[in-house]
Amino acid sequence: MGVEAREARQPWILLSPALVAITFLLFVPLAFIVVYSFWLRTATGADVAGFHLDNWTEALTDRFYRDILLYTLKIAAITTVVCAVAGYPAAYFIARSNRNKGFLLLLLMLPFWVSYIIRTMSWINILGVSGAVNSFLIWAGIINEPLQMLYNEATVILGLVHFLMPFMILNVFVSVDGIDQNLESAANSLGATKLQTFFSVTLPLSLPGLAAGGLLCFVLAAGTYITPLVLGGPRDAMFANLVFEAIITQLNWPLGSALSLMLLAVLGALVLVYNHFLGMAQLMKGMG
Amino acid sequence: MNRGMGWTLIRLWTMLVYIFMFLPVAVVVLLSFNASEFGAFPMSGLSLRWFVELAGNDAILRAFRTSIILGALTALISTTIGVLASLALIRYKVPGQNLISTILIAPILVPEVVLAVALLLFLNALSINKSFALLLAGHVIFTLPFVILVVQARLVSIRRDVEEAAMSLGANPVQTFFSITLPLLLPAVLAGGLFAFTISFDDITGTLFWKPGGVETVPTQIFAMLRNSISPEINALGTVMIALTVGLPLLGLAIARRMSANSGG
């Protein structure tokens with residue numbers, strides 16, 4: 001065998017463990033649950049192989065599932081918008097600050113290292129019946145009985161925003177940081193006010209980062225089931241909670257497969273639209 | 001430099017956003033040192049009693065052992081596979097590079113719940129039930145993309161010509177790899193491994209699907225304890241976890257800096 005042929009084979013040898021792992025632990029299992037979603041669950045617990053549309057009919061026509069899917073998308077959308085509106089100025093500040101950029105970025109990375117479950121439950125210390133806010137209000141004499149602030153839709157959104165804010169800021173930062181500041185100076189010297197410059201130069205040029213952050217926030221928010229369990233009430237179940245219920249609690253695996261695939265289809269469609277317009281490279285920039 | 005009112009407002013807003021991100025976590029740490037019986041406000045004094053209690057709680061110690069073993073094995077496997085794949089992508093011209101990159105990061109693009117369901121059901125069909133092996137397989141597959149992203153970012157900065165110089169001075173490829181490439185690669189390997197460890201150590205979404213009954217990792221243990229109510233013990237456990245998952249990467253960062261400073265000078 002020639003040297004060239006060996007050179008050409010080497011990368012494939014290096015890549016093969018990763019490709020084999022992803023094929024057999026991701027792609028084949030995904031194909032498997034597509035098949036599984038057409039099987040039937042029987043009362044005895046054994047699943048019957050075959051081609052039945054029952055699970056799909058139930059998942060797609062039952063109002064219950066549709067309502068929760070819409071509710072999930074609503075929660076994810078609100079979370080994304082709040083992250084974008086609140087996170088953008090912070091990302092802009094970090095990108096444009098001269099002295100503290102490195103320090104602020106390092107701080108921004110820290111929440112990524114603090115466990116999701118801890119960040120979520122930390123709000124119980126703040127908003128719970130004996131949490132910081134209630135204790136302060138009682139101490140200040142403003143209220144006598146603790147307020148019930150937790151376990152509703154708003155606290156689910158709060159928890160999600162808290163969890164996802166660093167993703168948004170980091171992605172917008174990468175974008176704003178990459179803008180040639182001469183463009184802004186040029187706009188200014190041509191007579192544009194600071195606000196005009198921002199809306200006609202800076203904001204449009206940072207849209208790719210905003211979109212990447214938005215996609216991450218939306219997809220991660222829409223796929224969560226821990227936050228509603230910890231910070232939500234009984235009526236705040238999101239779509240992933242249904243999947244968890246079907247798979248773990250009811251052991252109805254065929255239906256659980258169909259529900260998982262529904263979630264994948266909706267969120268996958270978003271990723272594809274994003275990929276079509278902006279490509280995956282932008283998303284990688286924010287993560288690397 | 002005077003940048004005007006707008007800048008002052010943005011600065012103030014940024015401070016508020018940072019307070020929002022950090023205050024709740026700071027409160028967890030603060031309350032874990034609370035001396036009072038109920039572990040909530042008002043604090044009655046500082047004490048280490050909840051940490052002492054943690055150290056005597058068998059369930060929590062078991063959860064820690066599981067998490068650490070799982071995280072270490074995940075890091076080992078994920079980093080080995082990930083470094084090889086990154087080397088291939090950075091060092092060679094591979095046909096279909098974009099497609100391969102997309103395939104390699106696919107586990108991040110699929111929602112974790114869906115990944116968890118697919119892996120659980122598929123491996124179950126192969127008679128691999130909920131077990132440590134399933135947990136490990138799951139953790140490897142979803143840490144792999146992160147390892148590849150981090151290692152690739154570091155690899156780009158290693159210059160190829162040092163290796164070529166070694167080769168032209170008579171070293172064979174294996175010698176070159178162990179005496180030149182690997183030492184230069186080490187910060188990337190460590191960074192990737194630490195990253196995989198912390199992601200695995202923190203994971204709860206997939207873990208709740210994959211873990212066998214009776215086995216808990218630290219996050220699922222916290223989650224189970226939350227069912228009752230928030231206790232000072234949970235805050236103490238959270239503090240230990242924060243110390244581990246924040247302290248380790250910072251340590252890694254410092255080591256990587258020192259190593260690259262040494263190899264640079």
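Backbone N, Cα and C atoms are what each Cβ position is placed from, and that goes for glycine too.
What TrEMBL says about a protein is an automatic prediction, not a curated fact.
Listed in TrEMBL for this protein:
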DOMAIN    A:69-274  domain 'ABC transmembrane type-1'
TRANSMEM  A:12-39  transmembrane segment
TRANSMEM  A:68-95  transmembrane segment
TRANSMEM  A:102-118  transmembrane segment
TRANSMEM  A:124-142  transmembrane segment
TRANSMEM  A:154-174  transmembrane segment
TRANSMEM  A:205-226  transmembrane segment
TRANSMEM  A:261-278  transmembrane segment
Problem - Recorded stretch that, among A:12-39, A:102-118, A:124-142, A:205-226, A:261-278, has the most CB pairs under 8 Å to the transmembrane segment (A:154-174) - result: A:205-226
Problem - Dominant neighbour of the transmembrane segment (A:261-278) in A:12-39, A:68-95, A:102-118, A:124-142, A:205-226, by Cβ pairs under 8 Å - result: A:205-226
Practice task
May I ask which of the stretches A:12-39, A:102-118, A:124-142, A:205-226 has the most CB pairs under 8 A with the transmembrane segment (A:68-95)?
Solution key: A:205-226
Problem - Positions on the same chain near the transmembrane segment (A:124-142), where near means CB under 8 A and six or more residues out - result: 148-150, 155, 230-231
